[in-house]
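Colleague: Quick one: structure below, then a few questions.
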Amino acid sequence: MELIFLGTSAGVPTRTRNVTAILLNLQHPTQSGLWLFDCGEGTQHQLLHTAFNPGKLDKIFISHLHGDHLFGLPGLLCSRSMSGIIQPLTIYGPQGIREFVETALRISGSWTDYPLEIVEIGAGEILDDGLRKVTAYPLEHPLECYGYRIEEHDKPGALNAQALKAAGVPPGPLFQELKAGKTITLEDGRQINGADYLAAPVPGKALAIFGDTGPCDAALDLAKGVDVMVHEATLDITMEAKANSRGHSSTRQAATLAREAGVGKLIITHVSSRYDDKGCQHLLRECRSIFPATELANDFTVFNV
């Protein structure tokens, strides 16, 4: 999996940062997919500067209904249709997302020529496609807001082909069945259990993408043990009280959560427009003083998970 940040500014865009949107390229060899997390104004413009196009999108996850995470959605949906794209699209989001989308399309005389499903979510598991699952966790913000935990299912371990050949199993289709953990019957009547020839499963990757939030009870469960945690760092330590009063977090709070949750890497985003490049580096240093494995997301930065 890889993350591509399309927008990293909090509240309003700046000359170098658009408002929030994050692409997740699933990069699966047999089931490709491109997911979008939040869709602030101008997201479709940002998408034009990447190697991806809206036709590749199959799922959009909205954290909450504040404009800097949402106002780019109607335009993206319409442009996707006007480009002749017919692949289905599913939108997940809190209560009100359906009304927002349907109202925007209706009053502008717009529509989609592709199947569009809108799923209004609550806390809990919202998706399992057989390869990965997505769970929504409630956050602390003035509007109903969620963070998303994306977990790949464990992958089967490597098949011991050498041992199978020694046991008289010919390479070919039977190996595929054994790789799936099935039991096969050879021509001589012997039964071979694939599980006996598989190494330990390979743990899947886990990723936590937070919406806007102040410190909250669900944060630790959302982030616990993930490989990568994406979290806002709207304001610096000296402005922590102001951040919390508006349902946001400081650098210290983001980094402390990453340390307590035992994550592999913290990526900070959603930085206030008050910070220029020098100020953003200061935010990064504050986080690294608590959790060294911290990176700062800029627009179009790509991170592997």
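Glycine is treated like the rest: Cβ placed from N, Cα and C.
Not my notes, these are from Swiss-Prot:
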ACT_SITE  ASP68  active site, proton acceptor
BINDING   HIS64, HIS66, HIS141, ASP212  Zn(2+) 1 binding site
BINDING   ASP68, HIS69, ASP212, HIS270  Zn(2+) 2 binding site
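Show me how these features fit into the structure around them.
Modeller: Annotation for ASP68 (active site, proton acceptor): same-chain Cβ neighbours under 8 Å, separated by at least 6 residues, are SER9, ALA10, GLY11, VAL12, VAL19, THR20, GLY40, GLU41. Annotation note: ASP68 (active site, proton acceptor) sits in a helical segment as assigned by DSSP.
Annotation for HIS64 (Zn(2+) 1 binding site): same-chain Cβ neighbours under 8 Å, separated by at least 6 residues, are LEU70, GLY93, PRO94, HIS141, LEU143, GLU144, CYS145, TYR146, GLY211, ASP212.
Secondary structure at ASP212 (Zn(2+) 1 binding site), taken from DSSP and collapsed to helix, strand or coil, is coil.
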Colleague: Given a separation of at least six residues and a C-beta threshold under 8 Å, show me what packs close to HIS270 (Zn(2+) 2 binding site) in the same chain.
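Modeller: Correct list: THR8, SER9, ALA10, THR20, ASP212, GLU232, ALA233, THR234, HIS248.
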Colleague: Take the mean position of the Cβ atoms of ASP68, HIS69, ASP212, HIS270, the recorded Zn(2+) 2 site. Which other residues of that chain put their Cβ within 8 Å of it?
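Modeller: Other same-chain residues with Cβ inside the cutoff are ALA10, GLY11, VAL19, THR20, ASP38, GLY40, SER63, HIS64, HIS66, GLY211, GLU232.
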Colleague: Mind checking which of HIS69, HIS141 has the fewest other CB atoms within 10 A of its CB? They're the binding-site residues.
Modeller: HIS141
Colleague: Tell me, how many other CB atoms lie within 10 A of the CB of HIS66 (Zn(2+) 1 binding site), whichever protein chain they belong to?
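Modeller: For HIS66 (Zn(2+) 1 binding site), the count of other Cβ atoms within 10 Å is 21.
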